[in-house]
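Below: one structure, written as structure tokens.
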Amino acid sequence: MSQELNSMFSPHSRLRHAVADTFAMVVYCSVVGMMIEIFVSGMSFEQSLSSRLVAIPVNMVIAWPYGLYRDAVMRLAARVGKGRLVRNLADVIAYITFQSPVYAAILLFVGADIPQIITAVSSNIVVSMMMGAAYGYFLDYCRRLFRVSPAAPVSAQA
């Protein structure tokens, strides 16, 4: 039992890694998504709130897979170079290629029409590019808060 608890709270714990990634995604996507939907896409506050509420459980399900996907993209990018530009570009590519299809499905589910979906997803892509690797930095910050090991080598325990 003691070993199980120690491994659960280890910096290499899958549970700790998943919780950190989930926290980061729910917070970031709620704030940024609502701003884009209301101020750029022209969605009503009610539509955006519905979208964000639907997105929370979706983000909880996809957060850790996204974190693993991002880590894989970052490892591939590290083969190209170690500089900040390569890292930022890899973060943007990982975020856009993983999140855009999920975001479009959420908007469709909450009743946004096709032009709103196209505008919101396109705007999200542009904003993601303009903000650089903001989510990647936020994710890394949350992982540090949760004391998850950098580059997240995940153990087989808990």
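Cβ atoms are placed via backbone N, Cα and C, with glycine included.
Annotated in Swiss-Prot:
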- 23-43: transmembrane segment (TRANSMEM)
- 53-73: transmembrane segment (TRANSMEM)
- 92-112: transmembrane segment (TRANSMEM)
- 117-137: transmembrane segment (TRANSMEM)
Contacting positions for the transmembrane segment (92-112) when only residues 6+ beyond its ends and CB under 8 Å are counted: 29, 33, 41, 43, 47, 50-51, 54-55, 58, 62, 66, 69-70, 73-74, 120-121, 124-125, 128-129, 132-133, 135-136
Positions on the same chain near the transmembrane segment (23-43), where near means CB under 8 A and six or more residues out: 49, 51-52, 55-56, 59-60, 62-63, 66, 99, 103, 112, 116, 119-120, 123-124, 127, 134-135, 138-139, 141-143, 146
